[in-house]
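**Student:** Before I ask anything, here is the structure I am working with.
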Amino acid sequence: MSLYLSLSLSFSLSGEVCGGTLDASDAGYITSPGYPLEYPPHQNCQWVITAPEPSQRIVLNFNPHFELERLDCRYDFIEIRDGGSDSAELLGKHCSNIAPPAIISSGTALHIKFVSDYAHQGAGFSLRYEIFKTGSEFCFRNFTSPSGVIESPGFPDKYPHNLECSYIIITPPHMDVTLTFLTFDLENDPLLSGEGDCKYDWLDVWDGLPQVGPLIGRYCGTKIPPEIKSSSGLLSLSFHTDMAVAKDGFSARYNMTHKEVSDTFHCSTAFGLESGKISDDQISASSSFYDGRWSPRQARLNNIDNAWTPSEDSPKEYIQVDLHFLKVLTGIATQGAVSKETQKSYYVSTFKLEVSTNGEDWMTYRYGKNHKVFHANTDPYEVVLNRIPQPVLARFVRIRPQVWKNGIALRFELYGCQIIDAPCSEMQGLLSGLLPDAQISASSARDMLWSPGNARLVGSHSGWFPGPGQPLAGEEWLQVDLGVPKTVGGIITQGARGGEGTSSTDNRAFVRKYRMAHSLDGKDWGFVMDSKTSLPKIFEGNTHYDTPELRRFEETLAQFIRIYPERWSPAGIGMRVEILGCDVPDLNSYLYIEANPKTERQRARILSPMVGPDTGPLCLLFSYQLWGEAQGTLRILLRDAHHKETLLWALRGDQGPVWKEGRTILPRSPKEFQVVMEGFFDHGTKGHIMIDNIHMSSGTPLEECTRKSADYTNMGGVPGGSDPTVDTLALPLIPTLWYYLVAAGGALILLAVSILVRALCCHRRRLAAKKSQLSVSYHTSNPVTAAPGTEPVLTVRLDNHGHQTYALC
């Protein structure tokens, strides 16, 4: 028998029922009121979901389109409890715009509570509940480790029917992620042969959140998809299956790599036609010569076997490349060919260039007012490089031959770079969806279909249109809240397509000129100024509704950006945008150890000076990151005057690339002792351990210091009702063969009692909420033969802006 609890129902402002009791016998959905539009304020919705059988459990899977106000889940949040009441064990409290992973009950009931306050509403959430079946928890997963494997549910066995799975790879700043498929077998229709022609089961790959970021590709059948590399900070996979045939599924490996940015980079890298980095599936054409020996895949520069030739020589013919991501195109190299069969020469003398962001809306490249005609080859052998006079942003590139000799034959290469290759040019989350809709606002909007949340570069199918009427220049504005202060130095603008009613092709609008303002608090604003006139700078905007335009300006510190349209197209104001910038260079520091073969199983340590007898009990608080596949371990120990050590606290394994708080009680001791913080890795693979904000507090209540948290594990225990002492913590000695003694700016140990001890110190000035990276490298003259009982002399290099070296014994 199921246990149902009586639960009062609340109602949203629209009268929609919010809360209730639900039976998981039949799978169903729970959404925030109004989803996917903004939820109302002042909500307090509670649901109880129950399973019909005592042995059954319940699984919750969240839709990736998840958006609740951030702010540490203090105001708007969804709370999941493992039981039928609001006093049951808390499984999770979630907000922000990253959907939680699958949640599974331990028993027959789950309690869900959704709360919103009076301000800053978002799109909300949608979740699916059902009886838990083995394997279903692997259908919705978030990945933060530096590398890992993503597999279809049940792999290598056949995948289940009626799946809607999402897998999201979240990368830290300055990291690329590469996705490589190992095996692939999904049901397909043999009558549909084109890439993306998937009728039954398919896998979608997105550059950002599903349905928000641009779709990279849709894949089915048995052909392994090409390698995919993303730099937007988030890569997603959506897996759909129907109720009929099931195949073996897929397996893919992802790997994160640090992205090096040089101040002297050149935007002239070959995109990969000649090298094969661009796959055959990314090259297509209007037609090909009938005998199959002049196909698009043979259009690679310096290919030795013919070239691409269309079925008929005509200026209407074209060859096209899908770069998978928006890139900066700066050059095109072309080459003709000699037929291997007839020894006859063919080459293209002139061509035109067309570009697109979505493969549907195309613009012929112009230089000045006219279409640019590029002069190409005069023989079939020579490689001719044409520079793009004004580099263009595009994902899809087409070449249309205009004049040729004997017939069209073309081999070519494309050159350029990624937007983020330039210093301080990271996309700030509009394109990928990392920046939630709630942080995009405007002076007005035509309706919900053209709201500010649709002003996302490339990914949006429409854009932002202001309210109807005839606005004055500078009257309307579009605003982006970056969440924290950032160094901002560029903006990409794009037009929008949409119109009255439901059609998205009636109006094709764009902004020709605009001004831009910035602010740190959203109240005091300043314009980006023109250095020549000392007046607010008028930026050149777009000349086409699809083609993005990149504009750079002097780097400035800002959290809020506003764009004021000054001139626009006859169809009106229409905009999509992305902001370029980087984290604020923070003078703050912290201790950092990175996994590599040299640090494998070596122990990095911080030791406080001796703490006097009969001090405490105290609460030790600190911030930490424990991230990566290297199986890092962070430990807190007490060390007496005879170097005997007692373990108090330990945490092991990947906890994600985010700062968390750790805490543990330092018991009162009749003897002097030291606090030891120790970090080490089991493997020399990727990962890091960071620590910061270390202090001992006598003002923190001990019940707060021992509060259970998913962020840390308290390894100690004391008899009920007694103050903790060293003697009550009877844990085995942890022998240390040898270790590193590390000290540096960024770790400040305070005793909030009669003794003020400084172990590590630095003068810190916080410019932003983000942490800047400080790398620590370790060197020892004789790490292998250190005598027992001695501690080696180490050099610790702290690289952060300036370079200083400290020798410590």
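Even glycines carry a Cβ here, placed using N, Cα and C.
Just so you know, TrEMBL annotations never went through curation; they're auto-generated.
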**Student:** Choosing among Cys417, Cys424, Cys705, which residue does TrEMBL name as bonded to Cys582 by a disulfide?
**Tutor:** Cys424
**Student:** Of Cys139, Cys165, Cys417, which cysteine does TrEMBL list as the disulfide partner of Cys267?
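**Tutor:** Candidates were Cys139, Cys165, Cys417; TrEMBL matches Cys267 with Cys417.
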**Student:** DSSP on Glu187 (Ca(2+) binding site), three-state: which is it?
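**Tutor:** Glu187 (Ca(2+) binding site) sits in coil per DSSP, no helix or strand.
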**Student:** Around the recorded Ca(2+) site, report the further residues of that chain (criterion: Cβ within 8 Å of the mean position of the Cβ atoms of Glu187, Asp201, Asp242; site residues excluded), sequence-ordered.
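**Tutor:** Close Cβ neighbours, site residues excluded: Leu186, Asn188, Lys199, Tyr200, Trp202, Cys220, His240, Thr241, Ala244, Val245, Ala246, Lys247.
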**Student:** Using a Cβ cut-off under 8 Å and a sequence separation of 6 or more, which residues in the same chain sit near Glu187 (Ca(2+) binding site)?
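**Tutor:** In sequence order, Tyr200, Asp201, Cys220, Thr241, Asp242, Ala244, Val245, Ala246, Lys247 meet the Cβ cut-off.
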**Student:** Could you count the residues of the domain 'MAM' (590-707) that DSSP puts in helix, in strand and in coil?
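**Tutor:** Summed by class, the stretch gives 4 helix, 66 strand, 48 coil.
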**Student:** Taking 10 A as the limit, how many CB atoms besides its own sit near the CB of Asp201 (Ca(2+) binding site)?
**Tutor:** 24
**Student:** On the 0 to 100 scale, where does the mean pLDDT of the domain 'F5/8 type C' (267-417) fall?
**Tutor:** 94
**Student:** How many helix, strand and coil residues does the domain 'CUB' (139-257) contain under DSSP?
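**Tutor:** For that range the per-state counts are 0 helix, 58 strand, 61 coil.
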